[in-house]
Amino acid sequence: MAVNKIPRVGLVSLGCPKALVDSEQIITQLRAEGYEISPSYDDADLVVVNTCGFIDSAVQESLDAIGEALAENGKVIVTGCLGAKKDGDMIREVHPKVLAVTGAHARDEVLNHVHQHLPKPHDPFVDLVPPAGVKLTPKHYAYLKISEGCNHRCTFCIIPSMRGDLVSRPIHDVLKEAENLAKSGVKELLIISQDTSAYGVDVKYKTGFHNGRPVKTRMTELCEELGKLGIWARLHYVYPYPHVDEVIPLMAEGKIVPYLDIPFQHANQRILKLMKRPANSANVLERIKAWRAICPDLTIRSTFIVGFPGETEAEFEELLAFLDEAQLDRVGCFTYSPVDGATANDLPDHVPEDIAEDRKRRFMEKQAAISAARLQAKIGREYTVLVDEIDEEGAVARTYADAPEIDGLVYFDPAPGVKPGDFVQVRITNADEHDLWAEQL
Ligand code: SF4
């Protein structure tokens, strides 16, 4: 390295939004210490690969990315969920040349390894780092991670064994970060964690202080505070605890967006018990009805697993019937994937892959019709949309009902001057089963 050359670190970020937030924190700290972030392998002095280890295909993708970084650059530090597997030995067996391996949420450990292999520059440009940190998302939306880890032990999931039990961030830190993001021009906050509704359970909902006022470390109080920022706040990964009911009135009052990303996973009582999930779908249907009575515009996104070990045809059909009743807006469906280390793998009567795939097809077919009908009902209605992009074909935006990356889009012909990050009023003119078309008002 030339004497005055600023050390440059490349970063490959794989996996879920929680991993993305870890990457942002690593980049923010590197920038704070005066490192530059390089967009290419060639130009980087060292590469950090943030991996995902959730399902087999993600493991393979992560191992491939590490291999590519080693081939193209040679100096590689690995972090993230895959790094936690077998204490990193799994990665070292395939790629013995990696410089270091850490688990997820290990910013300081990663930084220590970077310092060891690529010493810190002497003159850190601390002032160049904005208070909101360095974001990998577009400027107008940002993920806000409120906790790490999870106290549940869903039998299909190994996240608690990789990321540990729930650790909530102090309420003041979360609100300060949210304020800084809003001040830096962010228009939409995506609240993430492994289990958003459990926020504060680990600290017994301790009262903290924000701007001189006492605020409890709790989801409802957090939402009330976020509602004061005047931007969209959207809740992801909400486990269906009873106190989720408390945030619905805040949605009806427009304090946070009326959108719940709430993974139900199944509808049959026996399968839910085997999954170690809350097991009462009749109750869930009642709650959905009650939520919609309070907040008719509520959009519900959920995910389900089909072909869970032992799932019979009758139990699967119960799930299809649940979809008819629940009329959810957006739904993701996965076939059961025997993740290495998940306790559900030991259950008897695994469903053959072809049957599980067929159930997924039938599930998605049913849900596609429900989603399409719900979008059709929006034709003629007026919405505020947040503009994500302007390209040669027009504007690409989203209503409150659509989260970035996972839900649908709204396409319209923008008036001159409209730019990404603007809120614009539109009337919906057309819909398919996923997206909407509109005219600007
Ligand atoms: S609540 Fe989510 S993260 Fe926690 S064990 Fe269940 S699936 Fe895994």
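Every residue gets a Cβ built from N, Cα and C, even glycine.
The [4Fe-4S] cluster 1 site recorded in TrEMBL includes Cys16, Cys52, and the single candidate from Cys81, Cys150 that the record places there is Cys81. Rounded to a whole number, the C-alpha distance linking Cys150 ([4Fe-4S] cluster 2 binding site) with Cys52 ([4Fe-4S] cluster 1 binding site) is 17 angstrom.
Looking only at other Cβ atoms within 10 Å, the busiest spot among the binding-site residues Cys16, Cys52, Cys81, Cys154 turns out to be Cys81. Screening the binding-site residues Cys16, Cys52, Cys81 for a C-beta under 6 A from any atom of ligand 1 leaves none.
Cys150 ([4Fe-4S] cluster 2 binding site) is surrounded by 22 other CB atoms, counting those within 10 A of its CB over all protein chains shown. Mean pLDDT for the domain 'Radical SAM core' (136-373) in this predicted model: 94.
Of the chain residues outside the [4Fe-4S] cluster 2 site list Cys150, Cys154, Cys157, His152, Arg153, Phe156, Ile158, Ile159, Pro160, Gln194 have their Cβ within 8 Å of the site's Cβ mean position.
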